[in-house]
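K.L.:
Before we start, here is the structure in question, set down as structure tokens.
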Amino acid sequence: MFRTALRNVLAHKGRLLMTMLAVMLGTAFVAGTLVFTDTMGQALRTQNSKSYADIAVTVSDSEAVGRGYDHGGRTAAGPTLTEDTRRKLVTLPGAADVRGVVSGFAGIADHKGALIGNGFSTTGTNYVPGADGTDPRYPLVAGRGPKDAGEIALDTRTAEKGGFKVGDTVRVAVNGPVMQLKLTGTLHTNDPRVTAGGSLAAFDTATAQQLYLSPGRFAELDVRAAPGTDDTALLAAVRQALPQGDNLKAKTGRELADEQDRMIAQGTRILSTFLMGFAAIALFVGVFIIANTFSMLVAQRTRELALLRAVGATRRQITRSVKVEAALVGLTASVAGLLAGIGIALGLKALLNGPMDANLPDGPLVIAPTTVLAAIAVGVLVTLVAAWLPARRASRIAPVAAMSSSEQPATQKSLRLRNTVGLLFSLAGAAALAAGASGKEVKLVGLGAGALLIGVFVLTPLLSRPLIALFAPLLRAVYGTPGKLARENAVRNPRRTAATASALTIGVTLITSLTVVGASVNKAVDDSTSSDLKADYTVAMQNFSDLSPEVAAQIAKAPGVSAMSTERSVPVTIDRGQDRGRGAGDGENEFLTAVDAATIDQLATVRIREGSADALEQGKLLVSSGRSEQARYKVGDVLAVTYPDGSKGSLTVGGVLEANTALAPVLAPEAVVGPHAQPGSGLEKVLVKGTNGATEQLKQALRDATGGNPLIAVKGEKDIKAESRQAVTNILNMMYGLLGMSVVIAVLGVVNTMAMSVFERRREIGMLRAIGLDRLGIRRMVRLESLLIALFGGLVGVGLGILVAWAGVRTLADDLKGITTVVPPLQIVCFLLAAAVIGLLAALWPAHRAAKLDILDAIRSE
Amino acid sequence: MSFPATAVRTGLAAARATGLNKVYGEGETRVVALDNVSVTFPQGEFTAIMGPSGSGKSTLMHCMAGLDTVSSGSTTIGDTELVGLKDKQLTQLRRDHIGFIFQAFNLLPTLTALENITLPMDIAGRKADQAWLDRVVDTVGLSGRLGHRPSQLSGGQQQRVACARALAGKPDIIFADEPTGNLDSRSGAEILSFLRNSVRELGQTVVMVTHDPVAASYADRVVFLADGRIVDELHAPTADTVLDRMRRFDAKGRTS
């Protein structure tokens, strides 16, 4: 039977082409993902081990690391790493050298004052000259390292982007006004944060300490070992020498590199899982096409298979021959898919390093044996699973069918069982969806959506007739007989039409639901921004780090400002005693947001649900409804708090607020809690109301007040809305791109079905040509059928997508106040149009073939 | 033995071929399917074309019906010369002036019997002549089954639908290719009587290719083809005279 199967594959090469392409694309997605993430992971790890190569032991101060982002919100309690500590470590036996490191962020402005690179990946550090006067971490490309507070060195790419040359003045800012520094040199770095769109600014150590910590303090001490020193012994010595404190951690460079390796592995695993999800969707779409093809092939070969049965082949042998055929198809396509996947990985790398400017580290392509196995196993398995039902059907062909006429069996097996199963699934899915939507259970919604999708797919044959009939009058009126024939053909084999359309439905459902959720989120953000925020402008750091208090002071003095308030985060611990059934003493952490009690109601809409609107002015707290439920704060509660400066006090909950996106969960009057906070810390945002509203002059005045810091964003209502829209658009575009593969596979499915149908119906086509339908008519008939199938798939997809999106939006109701389902009509129409275009394009080749058929050959064919 | 222009009788010709040649292939594989064939099918006559397998009888029909191209010569339907017509013009000619009946019925399974019958007119965008249509449907005896689909009809009934389809548009000529080939003898006889009646009573012109002497006996005239040439014709044939004539081909075939 193996030989029969092989012969069949070879004989039906053409008819199997689309199926093979579908499997190939699916496995290419899998292989591409694996190869790409492995390659990237390997390159990152190689680079990682290089960057820790010369560090034997490293000591870090957890209270100082990342201080550039978080200016003293936390209480500094432990010992610090100072120049003294550093000197002490140098004298340890085996230590060759100790480098004190300080790091944070630093925004570099271009000539127009705009930030170079991505705000979240700007990095700043201290330049530590070694014995030769250069810092081995950052090899000099030009000039020299910075030596005093007026100097700076930049990584070469940032210098290039800004058009800076050694000797130029560079505008740099941390969290306060811009500094004008002289560029002394350009550096080379492999830090992935920098190479992937960030920037690196190197200051001399004293300046960096001033900017990020405090004079003489380091965030990290890196110990280099003398040759022949045992890292572990050195680590022990370092631990001995260090002052005692939980915030100081010593590790060997090897440990640190391993830690980083684990993080890289985790990162690539997340990326790989994410991409694999889309690969799975693509393969799922492929299943429909494979199943369809094998069903058609089995139906076309009914007589041949019956003949095999008649001459003595057992059912099992027939089934096996179809399965072997499927396995051969799967294997061939998977191998091609593996190769294509490697190509995709190469292309992706080139794309990211080229036009996308992501500058991934270089490294060899990694094709792991597991990748090869996984891609081939997935391709073969998917094909086998998809061909399972057709194979079973083949075995049921009675030997007597060999003797019957060549006519295709016109009677269809009843769809009753199928419809019952589909209906049950759909109902269960819809019920779960509704329950999940009302109970805001994301998991239940997901489960319901899945069951509903499966149910509807099972029901598609039933749906095909009425939905396609919708178009019948239009088709007849515009296209006459070809239109009518197209419609009849589209519903003549409901299973085939359903499987073809379903492949497209999957993609359209996902795209529609994402689009609807996106539009709903946009609308909700727009609405809440309009209704919640009264301030004309908000001023905040682009990377969500804290503003310098100087910025607030400057804004208060800016012309055209009628009211302003800072939003300052003050971490406190609350001792709730034993009355809440919790252990006393430990306390709970809470972040108070200190605002100006007098002006806040001019800057944001303060809607009181319970309690007093004057709470803040009375020195009490205002708590959001969400936080009040979560932490069980009630109006009148008196909270015993411990402030960051160690002092204790009591605060009363004065009111509960309706949800407001512009306000933090727990508001406190600045006048009461401000004095107990770390001086100059926690300034998250400044809200500003203008005398004349939101004007360009005010915006410029605020920009001036920030000292031109490119990292500080001054945003009006419009900017906030646009930013949110942009974020949604970016996510959607990425998803659309990743779902593109499934749509391409679905298109192949339509091509496949139409080509097979034309092949099966060539005698009819010959007859139609003989009795007077011209080539255009034939072409139209095929194209319109394809159009109908695609539109049908699109319609079901749009409907399902909107339903799933509705449920999804309901679950978001807690996070986005007032979110309602928004169906953007234009986009939905575009999706349907796209489905129609897909249908027409998919039919180009089959229609051409149908029109080209030789009448006499066609009529004579069996 | 040859029968050239003598076969052409007076009266208006529904279709006529003059000096028709059809050659397939080249060089070694060259096959002459039609060798200088001239024949006329007068209006209102039922003609059968007979001949052994490979004699060219189907090729002759296909060429004269505009389904196949000719190598040289001329062939007309009514006043229209087919040679030199473009595909679109040929299609329209077939649609508006020619009816077809095939051996394998060739109905569209998705359409009802009535829809199949009116298909050529629907394609042309013409309205059927209702009185004529009723008469045709009545004659073929399908009145009660017009709403059925082909799969619900027997072979004989399907072929009657095909006959009605060929007749419904009042074509100038109907070409039938082995119309009884897939039928049992009783159904076949029904179809043949029906074709004869459509000529006698409805004034149609029918040309039928067959290898069955009984089928040929329903025709007014039988034209015999052998090796791509017209070799004989019989008027008012009976099954016996046709069979007799056919036997002579066989005998000649064996002795030569």
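Using the three backbone atoms N, Cα and C, a Cβ is placed for every residue, glycine included.
As listed in TrEMBL for this protein:
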| type | residues | note |
| --- | --- | --- |
| DOMAIN | A:17-240 | domain 'MacB-like periplasmic core' |
| TRANSMEM | A:274-299 | transmembrane segment |
| DOMAIN | A:277-399 | domain 'ABC3 transporter permease C-terminal' |
| TRANSMEM | A:326-346 | transmembrane segment |
| TRANSMEM | A:366-389 | transmembrane segment |
| TRANSMEM | A:421-439 | transmembrane segment |
| TRANSMEM | A:451-478 | transmembrane segment |
| DOMAIN | A:497-704 | domain 'MacB-like periplasmic core' |
| TRANSMEM | A:499-521 | transmembrane segment |
| TRANSMEM | A:734-759 | transmembrane segment |
| DOMAIN | A:738-854 | domain 'ABC3 transporter permease C-terminal' |
| TRANSMEM | A:787-806 | transmembrane segment |
| TRANSMEM | A:826-845 | transmembrane segment |
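Show me how these features fit into the structure around them.
P.N.:
Across the domain 'ABC3 transporter permease C-terminal' (A:277-399), DSSP helix (H, G, I), strand (E, B) and coil residues number 100 helix, 0 strand, 23 coil.
Sequence-distant contacts of the transmembrane segment (A:421-439), counting only residues of its own chain at least 6 positions beyond either end whose CB sits under 8 Å from a CB of the stretch, comprise 445-459, 462, 803-804, 806-807, 810-811.
Listed by sequence, the residues of this chain that lie at least six past the ends of the transmembrane segment (A:451-478) yet keep a Cβ under 8 A from its Cβ atoms are 415, 418-419, 421-430, 432-433, 484, 486-487, 490-491, 494-495, 497-499, 501-502, 505-506, 509, 784, 788, 791-792, 795-796, 800, 803-804.
Packing against the transmembrane segment (A:499-521) from elsewhere in the chain are residues 281, 284-285, 288-289, 291-292, 295, 453, 456-457, 460, 464, 724, 728-729, 731-732, 735-736, 739, 742-743, 745-747, 749-750, 752-753, 789-790, 792-794, 796-798, 800-802, 804-806, 808-809, 812, 816, 819-824, 827-828, 831, 835, 838: each is 6 or more residues past its ends and has a CB under 8 Å from a CB in it.
Cβ atoms under 8 Å from those of the transmembrane segment (A:734-759) belong to residues 15, 18-19, 21-22, 25-26, 29, 275, 278-279, 281-282, 284-286, 288-289, 292-293, 296, 300, 489, 496-497, 499-500, 503-504, 506-507, 510-511, 514, 765, 782, 785-786, 789-790, 793, 838-839, 841-843, 845-847, 849-850 of the same chain, restricted to positions at least 6 beyond its ends.
Here the transmembrane segment (A:787-806) has long-range neighbours at 430, 433, 437, 445, 449, 452-453, 456, 460, 463-464, 467-468, 471, 475, 486-487, 490, 497, 500-517, 520, 746, 750, 753, 821, 823, 828, 831-832, 834-836, 838-840, 842-843, meaning same-chain residues at least 6 beyond its ends whose C-beta is under 8 angstroms from one of its own.
Long-range neighbours of the transmembrane segment (A:826-845) within the same chain, counting only residues 6 or more positions beyond its ends whose Cβ lies under 8 Å from a Cβ of the stretch, are 504, 508, 511-512, 515, 519, 743, 746-747, 750-751, 754-755, 782-783, 785-791, 793-795, 797-798, 802.
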K.L.:
Just give the helix, strand and coil counts over the domain 'ABC3 transporter permease C-terminal' (A:738-854), going by DSSP.
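P.N.:
In the domain 'ABC3 transporter permease C-terminal' (A:738-854), the DSSP-based counts are 97 helix, 0 strand, 20 coil.
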K.L.:
For the domain 'MacB-like periplasmic core' (A:497-704), what's the mean pLDDT in this predicted model?
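P.N.:
Its mean pLDDT is 88.
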